[in-house]
């Protein structure tokens, strides 16, 4: 479900990342940003870095869903789940996911932005031949800990999927009190609403996370390497000082479109695959888990 959704809406994520990292790129509508990228870098530019992103997404979502459902099975043990339990489980699953997969996201952020036409002349270009070479160069030139750049904001961002699942499971339980099963439209709508709320609340942290993962800015006005900073408040203050409060939400339109549509489609496929799997196995699918 995640692979299908991310592939379909991948160009939206490209537009979002460019606006977050390239501070001097002017905010425009998402279609305008994508047309600009295509004009400057070619038709396939919005899909640059697709393979490492999809690989990371597969690992990340497998770890998250496996941890979430395993812990839920151990804790709930056949009883009705609650919103509070879903939130706690979502946070724990998110922490495990962040600690294990952050190196993958650092590498795929670098690869996704390689070859981009940046407006900011202070960005140092990269020259990686692939995922393995990127790992090798980062460890050799910047140290192994660089692979965990952005871990702290990522840990704070575990509340994003936690909030998402809390709203999703809550809406789902309410609907299932009135009907026997979710329709495709139900799954799509509640998935979209849940992700929209989570994304809007946590977007400033996502901007800081992207800057730290990329880590290729030479110098900021105070002559410090941005890639080495771990102070989230400092980065947020610098962003507001340069671009105002709206600088924290640069690229939000593209992010909302991408994450909301991706989450909605992912949940739709998730529900259909789950139902189909239980049917094939000859088991009764518990719809109020």
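Every residue gets a Cβ built from N, Cα and C, even glycine.
Check TrEMBL against the ranges 31-48, 49-66, 67-84 and you find transmembrane segment recorded for 49-66. Looking at 112-131, 132-151, 152-171, the stretch flagged in TrEMBL as transmembrane segment turns out to be 152-171.
According to TrEMBL, the feature transmembrane segment maps to residues 87-107, out of the candidate ranges 87-107, 192-212. A Cβ distance under 8 Å defines the sequence-distant neighbours of the transmembrane segment (152-171), meaning residues of its chain 6+ beyond its ends; these are 64, 68, 81, 83, 86-87, 90-91, 93-95, 97-98, 102, 105, 190-191, 193-195, 197-199, 201-202, 205-206, 208-209, 212, 230, 232, 263, 267. Long-range contacts of the transmembrane segment (87-107) within its own chain (CB-CB distance under 8 A, at least 6 residues past either end) are made by residues 52, 55-56, 59-60, 63-65, 67-68, 71-72, 75, 131, 134-135, 138, 146-151, 154-155, 157-166, 213, 215.
Residue counts for the repeat 'Solcar' (182-276) under DSSP, helix first, then strand, then coil, are 76 helix, 1 strand, 18 coil.
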